[in-house]
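Following: one structure in structure tokens, then a few remarks.
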Amino acid sequence: MDKFFIKGNKNLNGHVTISGSKNAALPILFMSILTKKIIKINNIPNVIDVDIVIKILKNLGAKIKQKKILYIDPSSINNFSPPYNLIKKIRASIWVLAPLLTRFGKAKIFLPGGCNIGTRPIDLHIHSLIKLGAKIHLEDNCIYASITGRFKGKYIFMEKISVGATITIMSAATLAQGLTIIDNAAQEPEIVDIANFLNTLGANITGAGSKKILIKGVLKLKGGTHRIIPDRIETGTFLVAAAISKGNIVCHQTEPKHLKSVLKKLSRSGANIYIGKDWIKLDMRGKQPRSLNICTGPYPGFPTDMQTQFALLNTISKGVGSITDTIFKNRFKYVAELIKMGAKIKINENTITCYETPILSSSNVFCTDLRTAATLVLAACIAQGITIVNHTHHLIRGYESFHKKLNKLGADIKIV
Ligand code: UD1
């Protein structure tokens, strides 16, 4: 599954069903540690990062049945130190820390790994937990944490908007003593989904989706059933697939409201966009797109996770377009790979400028992270000739059956 042979020059057309959001599923799975009652979760995406979290939970002692619905019985969790070989694989594993501290009063975790997209510090997570009452020290790549009694509710102003740290605070504050206020909180749809999940279990969280989240600590959580929101980044990726191939794709089981900034840009690029309650259609009507100027930002801004796909869109578009990434400032490792395919892209600090290259050529390219992998596969689908895309294992970390979904839309992708 590590190498794709892709025949290019394709128009991508048809219907695709969007999976559940990876970035909502991962923290929600970890938050099951906060209760001892049964949890049922629908719409869990079948991706490797989710498998890793499930393995971590099983290692901690949870009983899990994975059918169409995921059943978690967290009552038997009895370990507060998940193994290094699992923790190191995903950045999301930092979210095990606050639930373990809540449950056991102590936790030991190795520093998390994850996508190679530049420096990804965890200082905001650590400082927030200390503010809420935890004692934490780092030694030999390991986080040692403890707390006496419950977390204590506090007012926390986030110096920098962070999805990850907002999630950490939410999970620590849910069973804390008193009120926690997160000011300048991340407003991503995944944050709202997490709040909805925790409230279903009996938490008292208001304001998720705005800049100020209020969490009144409760004594315990019960069980419950939750459905994960659709993956907005997967949706955006398939819409770009239609735009770059001058095709027509309908994404089903998605949430158009979560993609406003992306749809605005796609429409400006010349795409015809139609929206229903849970579907989005993008029809390029055979036209070459126009290039865009984009600046990524925290939600409701343009998502950094769509930066690489739009760089490809700008590359094949009419004119010159620029993208500035304000979230991860050197998320441009993929540029060298697109250049191998003929793209004309210049990097200047955290901005890239793409010069019109309507026809890409085949090459032998290497994926360095999840979104890069999706972008290079899409580039190969429209390039002339056969492209070999290497290190596609990154793809299955976050996209469910990506190559199968693309092949159904008219791509010709073979796994080697
Ligand atoms: C999450 C998403 C990722 C997305 C990102 C931004 C998951 C698994 N990952 O990542 O797909 O690209 O949000 O939408 O959901 N920062 C610090 N200190 C910290 C934490 C973050 O300085 O302790 C910085 C980061 O380096 C970055 C910015 O804050 O520059 C935003 O990071 P954050 O929103 O936390 O992203 P992640 O949670 O890592």
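Glycine is treated like the rest: Cβ placed from N, Cα and C.
What TrEMBL lists as domain 'Enolpyruvate transferase' is 7-406.
If you look up TrEMBL, you'll see K22, N23 marked as phosphoenolpyruvate binding site. In the three-state DSSP scheme, K22 (phosphoenolpyruvate binding site) is classed as helix.
Annotation source TrEMBL lists UDP-N-acetyl-alpha-D-glucosamine binding site at R91, R120, P121, I122, D123, L124, D305, I327. A 10 Å cutoff on Cβ-Cβ distances gives L124 (UDP-N-acetyl-alpha-D-glucosamine binding site) a total of 19 other Cβ atoms nearby, all chains included.
What TrEMBL lists as 2-(S-cysteinyl)pyruvic acid O-phosphothioketal is C115.
Annotation comment: TrEMBL describes C115 as active site, proton donor.
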TODO: Please give the average pLDDT for the domain 'Enolpyruvate transferase' (7-406) in this predicted model.
DONE: 96
Task: Annotated UDP-N-acetyl-alpha-D-glucosamine contacts R91, R120, P121, I122, D123, L124, D305, I327, maximal Cα-Cα distance (Å, integer) - done: 21
Open item on the list: Quick check on the binding-site residues I122, I327: which one has the highest count of other Cβ atoms within 10 Å of its Cβ?
Closed with: I327
Open item on the list: If you count CB neighbours within 10 Å, which one among the binding-site residues K22, R120 has the smallest count?
Closed with: R120
